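The feature Zn(2+) binding site is assigned by TrEMBL to HIS149, ASP150, HIS153, GLU165.
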Amino acid sequence: MLKKIIVSNHRMYRQMSDFVTQYNENHIPTTAFQKLLLSVGSATVSLFDPQRADMIATMGETTGTHALKYMRDKMINNPEGSEILQLQPRINTSTVDLDKLRCMPENTLGYAYFKFLNHNKVTPDSRGSVQFIDDVELAYVMQRYREVHDLFHTVLGMPTNMLGEVTVKWIEAFQTKLPMTLSGGLFGAIRLKPKQREQYVQHYLPWAIQTGLNSNFMLNIYFEKRWEQPMEELHKELNIKPLEIINLK
């Protein structure tokens, strides 16, 4: 009964969210058969061209319904995760003051996130809108997952090269159960260079498996309210022991 009340409250709150407006503008209704075609097609293209972010996004949306329900339930049953579902915050340059993050102490999440974005030449505006998920609440869960992906990298201390992406995908696979994260971990590893593959097998993969199995659910972190939190404290809260990055050419 309590879960039903919480879900009802989520529906009431999301009417006030700008995400719903964006969702209504971008949503493309599809049948089960159309979703199957999209999932097969996007998976095939992604396998041969992992740089096609649009195809990876489509595969995630058309194959992730059960995982998204799992993720939503994990958030509903957590006070901070439930608040995120209610308020539906967004992470982009309109909502995040990057200049403020740049001036924060170096040991904080906010500064670490700014440093990650600046060092890797990426922007929080790069995440596409959800299109093929028919349930607006599940669509938000997917959107939230996309928008905190760079924060996952930040917290985990992983770069945006292939080795870092594959490592993060393995941890996301354990945390989210999304099929496209598992396929990203499996097939992304094939594309590693010999030296990277050696480091991956010896250090990164074992660490990713241990972290994925033992860490707390990162989507329950309201990152926007944690900018001033020391990274060491956040790591302890999430039960994450950072892996020392080995610079590879």
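Every residue gets a Cβ built from N, Cα and C, even glycine.
Sequence features, as recorded in TrEMBL, placed on the structure.
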residue: HIS149; record: Zn(2+) binding site; Cβ within 10 Å: 19
residue: ASP150; record: Zn(2+) binding site; Cβ within 10 Å: 21
residue: HIS153; record: Zn(2+) binding site; Cβ within 10 Å: 21
residue: GLU165; record: Zn(2+) binding site; Cβ within 10 Å: 18
### Query
What other residues of the same chain, not counting HIS149, ASP150, HIS153, GLU165, have a CB atom within 8 A of the CB centroid of the Zn(2+) site?
LEU151, PHE152, THR154, MET158, THR160, GLY164, VAL168
